Amino acid sequence: MAVNNSVNNINTPKSAVTWRKTNKLVKIMNDSFYDLPCPINLNAWWSFGSMLGLCLVIQLLSGLLLSIHYTAHESMAFDSVVHIMRNVEKGWMLRNMHANGSSMFFICIYAHIGRGLYYGSYLDKTVWFFGVHLFLLTMAEAFLGYTLPWGQMSYWGATVITNMLSVIPAVGDGMLRYVWGGWTVCNATLKRFYTLHFLLPFVMVAFVFLHLFFLHEKGSNNPLGIESDTMCIPFHPFYTVKDLFGYVCFGFFFMYLVCVDPELLGNHLNYWPANSMKTPIHVQPEWYFMFAYAILRSIPHKAGGVYIMFLSIAVLYLIPSLHSGKYRSLCFYPLNQLVFWVLVSSLITLTWIGARPVREPYIILGQCFSVIYFSSLLLNPLSLWVWDKLVEYPERYVSRPVDLKWFKVLTAFKLLMFFRLKNTALKWASKQSRL
C-alpha cells in the first residue's frame, strides 16, 4: 500500500522526519509502526493483534525468569515449582503471570481469528496461512508448557495427548516411543518437552515477523472489506491511542487473574504431584483446548476421533478456498452473520462440554454440537452464494437503484422467476420501480 501525502505528520519537525526516514534501522520501525498507513475505519477488534504482541512479550520475559529456578527432572520438577511460588522473591507473581498469560494469549488469539473470519481477512492468503501456522505453534507451545509443572493433570494430560501418535499407520508406535524416550512418559519426556518449550518461542517470533511483513506489504483489511488506499491515516497517534486503551483493559483483567483469582482458569489437580499409579477420574486439558477435546471424545472410534479433532483445527487452512461471496466482509451478508454466531456459540458450548464428565447427556450433546460446528463451516460458502443470488436485481429492466429496503421486492421477484413466470416478474418489477 503506497503512503500518500496525507499520512505524513505535518506537525513533526523536519529534522525528526529526516532522521526517521534516513536511518536504515529506524526507517524500518518507522514504516512498520509510526507512519504505517492504516484504513481510517478500523474498530476495536483490530486491537487484539497488538495485544497478542504484548502477550508474547509477557510470556517470553516471565518464562525466561522462571527457567532460572526450574529444574527439568521428574523427581524435582514439582518441588521446583513449589520453591518458585514460596521462596523466590515475587516468584508467585511470575508463575501466575506465565500460567494465566497463556490463557490471555488464547483469549486474544481466538478474538483475532474470529475478527478475521467475520471481516474476510483470510482472503490475504499468505498473511492468513502464516497466522494459522502461528496458531498451531502456540497450541504446541501451550501443551509443552502444561506438562512442565509435573502435577497429576500435567502427567496424565501428556500421556493422553502423546498417545494420539499411535493412530498414525505404520510409524505411529515408533514415533510415540521416540517422543517418550522410553516405554511411558518419564524423565526423558520431561527434558525433551522442556527443551522444545524453550526453543519454540524463537520460531514463533520468526513467524510473527513474517506475518507482519506480509501484512504491511499489502496493508490491513477494514470492516467494509474495501480498498482503502485513498482513505488512510498514520498508525501514530490515531491507533497507538486505541491500542494503549486496549492494553489498559487487558491489564485490568490480567492482573485480576494474577493477583486475585489465579486458579480461575486452572485445574486444582495440578497441585498434586504426578503419580503414574493413580489415574484421575476425569483427565482434561486446559480450557483453550476443551472444544477440540470435546470433539475428540464425541467419536467412539479412537483413530476417527483424533483425525476429526485435527480436522477441526486444520480446517482454518481451507477457509480462504471456501469463500464464494462477491463481497469480503460479512457486514453485507445477514445470513452469514447468523451462521458465524452459530459457529461461535458451538465453540463455546463445546468448551463447556469438554469440562463435563464423559457420560450422558454430555456425550450426545458433544456429538450434536460437533455436527453444528462443521455444518456452520460448510454452510458459510452456500449462504454467501444464496445471498448474492437473492440480492441480484435486474437493473437493466428498471432505472431505480436497489438497496436492502427492497428485500420484499427482491424475494417476490426471485419467487416468480423460480416458477418460470419471467414476463410477470419483469412487469411487476417495472411497476414497483415506478412507485
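The backbone N, Cα and C atoms fix where each Cβ goes, glycine too.
Note that this is a predicted model, so its numbers are computed, not measured.
For reference, TrEMBL has these:
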type     : residues       : note
BINDING  : HIS98, HIS197  : heme b b562 binding site
BINDING  : HIS112, HIS211 : heme b b566 binding site
BINDING  : HIS216         : ubiquinone binding site
DOMAIN   : 16-224         : domain 'Cytochrome b/b6 N-terminal region profile'
DOMAIN   : 225-395        : domain 'Cytochrome b/b6 C-terminal region profile'
TRANSMEM : 44-66          : transmembrane segment
TRANSMEM : 127-148        : transmembrane segment
TRANSMEM : 154-172        : transmembrane segment
TRANSMEM : 193-214        : transmembrane segment
TRANSMEM : 244-260        : transmembrane segment
TRANSMEM : 305-323        : transmembrane segment
TRANSMEM : 335-355        : transmembrane segment
TRANSMEM : 362-384        : transmembrane segment
### Query
Other than its close neighbours in sequence, what residues sit by the transmembrane segment (335-355), given a CB gap under 8 Å and a spacing of at least six beyond its ends?
114, 117-118, 284-285, 287, 289-295, 297, 325, 362, 365-366, 369-370, 372-373, 376-377, 379-380, 383-384, 386-387
### Message
For the transmembrane segment (244-260), I need the partner stretch with the highest count of C-beta pairs below 8 angstroms, choosing only from 44-66, 127-148, 154-172, 305-323, 362-384.
### Response
44-66
### Query
Could you give the Cα-Cα distance between HIS98 (heme b b562 binding site) and the residue listed as 'ubiquinone binding site', in whole Å?
30
#### Entry: Euclidean distance between Cα atoms of HIS216 (ubiquinone binding site) and HIS197 (heme b b562 binding site), Å
29
### Query
Any chance the transmembrane segment (44-66) and the transmembrane segment (193-214) are in contact, meaning at least three CB pairs closer than 8 A with a sequence separation of 6+?
yes
### Task
Residue list, the transmembrane segment (305-323) vs rest of chain: Cβ under 8 Å, 6 or more residues beyond ends.
113, 117, 120, 122-123, 125, 128-129, 132, 135-136, 139, 164, 167, 291-293, 295-299, 370, 373-374, 377-378, 380-381, 384
### Summary
Whole-number Å distance separating the Cα atoms of HIS112 (heme b b566 binding site) and the residue listed as 'ubiquinone binding site' is 17
### Task
Specify the count of other C-beta atoms within 10 Å of the C-beta of HIS216 (ubiquinone binding site).
18
